[in-house]
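J.: Sharing a structure with you now.
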Amino acid sequence: LRQQEGVLLAQLNQAHEELTKERREYVSSVSERKSLLDTLIAEIEKKRDQPVVEFLMSSSPCFPLSCEAAKAPVPEPVSLELQRTVKNLSEMSQLVVGAVAKFKGKAKKRRAMPCSVAMKVTLDPETASPHLVISKDRKTLRMGDREQKLLDSPKRFTGSPSILGSQG
C-alpha cells in the first residue's frame, strides 16, 4: 500500500505541476493583456477630455490595433486525458487513504488486545523488528508508530514485526 501510495502521490504531484505551469502561463498572458487594457483606458480617458471636434478629427486612431492586441484569450479546455488522469488519481488516492486508515485502525486494535497467555520472558533486542519497541527491562514490547533506525544485525527480523525471547 505504501508503495502504491507513493506512486499515486508522484503521479498526482506531476499532474499538479503541469496544471500549475499552465496556470502561471495563463495568468502571465492575462496580466500582459490587462496592462495593455490599462494603457488603452488611459488613452481613452485622455481623448474623452478633448472637445468632440478634436476627438473626431484626431489623426491617430488608437482603438483598432490596440484593442486587437488586448483581447483576452479564451482559455484552452483541459484535455480529456488530463481530466481522466486527475479523476483516476483522485479516486485511487481516496481508496489508498481509506485502506491505510482501515489498516491503522486494525493495527491499533491489535496493540490494545491483551495477550491471552502471560509468560515471563526476556526479549532479545538484536532480533527485534524495527517496528517493535522494547521496554528497558526487556520484558514487554509494543508496536511502534513507525520503523525505528536500529543497528544492522544478521539476527534481526525485517519482514514482519517479530522478536525472539527466552523464558525467564
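Residue numbers in this text run from 1 along the chain shown.
A Cβ is built for glycine as well, from the same backbone N, Cα and C atoms used for every other residue.
Remember, predicted model here, so these are calculated numbers, not experimental data.
According to TrEMBL, the protein carries these features:
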- 118-168: domain 'SPRY-associated' (DOMAIN)
- 145-155: compositional bias 'Basic and acidic residues' (COMPBIAS)
- 145-168: region 'Disordered' (REGION)
- 159-168: compositional bias 'Polar residues' (COMPBIAS)
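So that I understand the layout, could you describe where these features sit and how close they are to other parts?
T.: Taken through DSSP, the domain 'SPRY-associated' (118-168) splits into 0 helix, 12 strand, 39 coil.
For the compositional bias 'Basic and acidic residues' (145-155), the residues of the chain that approach it from at least six positions outside its boundaries are 124, 126-128, 130-131, 133, 164, judged by C-beta separation under 8 angstroms.
Residues of the same chain lying 6 or more positions beyond the ends of the compositional bias 'Polar residues' (159-168) and with a Cβ under 8 Å from any Cβ of it are 119-124, 127-129, 131-132, 134, 141, 143.
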